[in-house]
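Novice: Pulled these features from Swiss-Prot for this protein:
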DOMAIN    38-256  domain 'Radical SAM core'
BINDING   53, 57, 60  [4Fe-4S] cluster binding site
BINDING   97, 128, 188, 260  [2Fe-2S] cluster binding site
């Protein structure tokens, strides 16, 4: 399998329709050719500005268009962000991602954002931001400050996109990705599964990503988290096997990219997550919350990694150089002390 940029939707649908075992086997072969086996990269995501977003993304509890339980918060102080980054590093993350609920960053906010980037970089962490649409000039400023990654998801296929968002065009998203790449930063871009899209739309999303001039370095695959108050609160559940298939397809189509299990992981049981890793996922967000939605806690993740024999990148880069077996033993003790060990499992149907 060679790295390609000329996929078609029909070709991807044929790939998706392969027998499950054959597809997973093919994805694992590709994974071991291009990626480090039994290895997961760990990132932490912090919401640095929450709620009151003018966009109308139907999946998002931070949109000002919908009534949800998300509290509106102003842009965090730089020192508060740096304190959170220190905690993330001490918990084992190697990349610190900062997200702001904006259509686009205002010029008055740029100095604070640049200081956040510089401060996090000084800790030895990789940096990532998601701030909405950015101009070429803003991309240059972020890059000069040391930003490693910029996240801007395509969300779904061009054909289905208008059913989910009307306040930002698909081309707006592609233009932002172009600005990011031209500024020399790495791209984090993926989509959301479970918004009512068809199999063809799912294939179309991955075609758009894989046919970019250069594949995104990181491809987050989100499973919709249904939030009360949003138009998609009653969306149909995603079939776990369909989701795992899509992880495998992403791995085959973008073999050199990190494929990240992102939102929705809280509702996946251990077995589903294990199959996702087998299908080629090799990155996760670490911590109990992703922006405003739940995420498995750190102890649970480390326990799962231990069961699977997975080495997380974060262990070797802990500031105090705690060895992996020592950390895992401590985690096991903490988990064993819990009153209910069933907390290690999640119902995929929830």
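Keep in mind that glycine also has a Cβ here, set from the backbone N, Cα and C atoms.
Burial and contacts for the listed features, if you can.
Specialist: Note: residue 60 ([4Fe-4S] cluster binding site) has non-local neighbours 53, 66, 230, i.e. same-chain residues 6+ apart with C-beta under 8 A of its own C-beta.
In the shown protein chains, 23 other C-beta atoms lie within 10 A of the C-beta of residue 260 ([2Fe-2S] cluster binding site).
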Novice: Could you give the Cα-Cα distance between residue 128 ([2Fe-2S] cluster binding site) and residue 57 ([4Fe-4S] cluster binding site), in whole Å?
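Specialist: Residue 128 ([2Fe-2S] cluster binding site) to residue 57 ([4Fe-4S] cluster binding site), Cα-Cα distance: 22 Å.
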Novice: Considering every residue in the domain 'Radical SAM core' (38-256), what is the mean pLDDT value?
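Specialist: PLDDT averaged over the stretch: 92.
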Novice: Starting from the Cβ of residue 128 ([2Fe-2S] cluster binding site), draw a 10 Å sphere and report how many other Cβ atoms land inside it.
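Specialist: Summing over all protein chains shown, residue 128 ([2Fe-2S] cluster binding site) has 24 other Cβ atoms within 10 Å.
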Novice: Can you list the residues of the same chain, besides 97, 128, 188, 260, whose Cβ falls within 8 Å of the [2Fe-2S] cluster site's Cβ centroid?
Specialist: 43, 45, 95, 130, 149, 151, 218, 220, 285
Novice: Taking the recorded [4Fe-4S] cluster site as 53, 57, 60, identify the other residues of that chain whose CB atom sits within 8 Å of the mean position of the site's CB atoms, giving them in sequence order.
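Specialist: So the extra residues in range turn out to be 55, 56, 59, 61, 62, 63, 65, 101.
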Novice: Work out the three-state DSSP category of residue 188 ([2Fe-2S] cluster binding site).
Specialist: strand
Novice: Tell me which residues of the chain lie with their Cβ under 8 angstroms from that of residue 57 ([4Fe-4S] cluster binding site), as long as they are six or more apart in sequence?
Specialist: 63, 155, 164, 165, 167
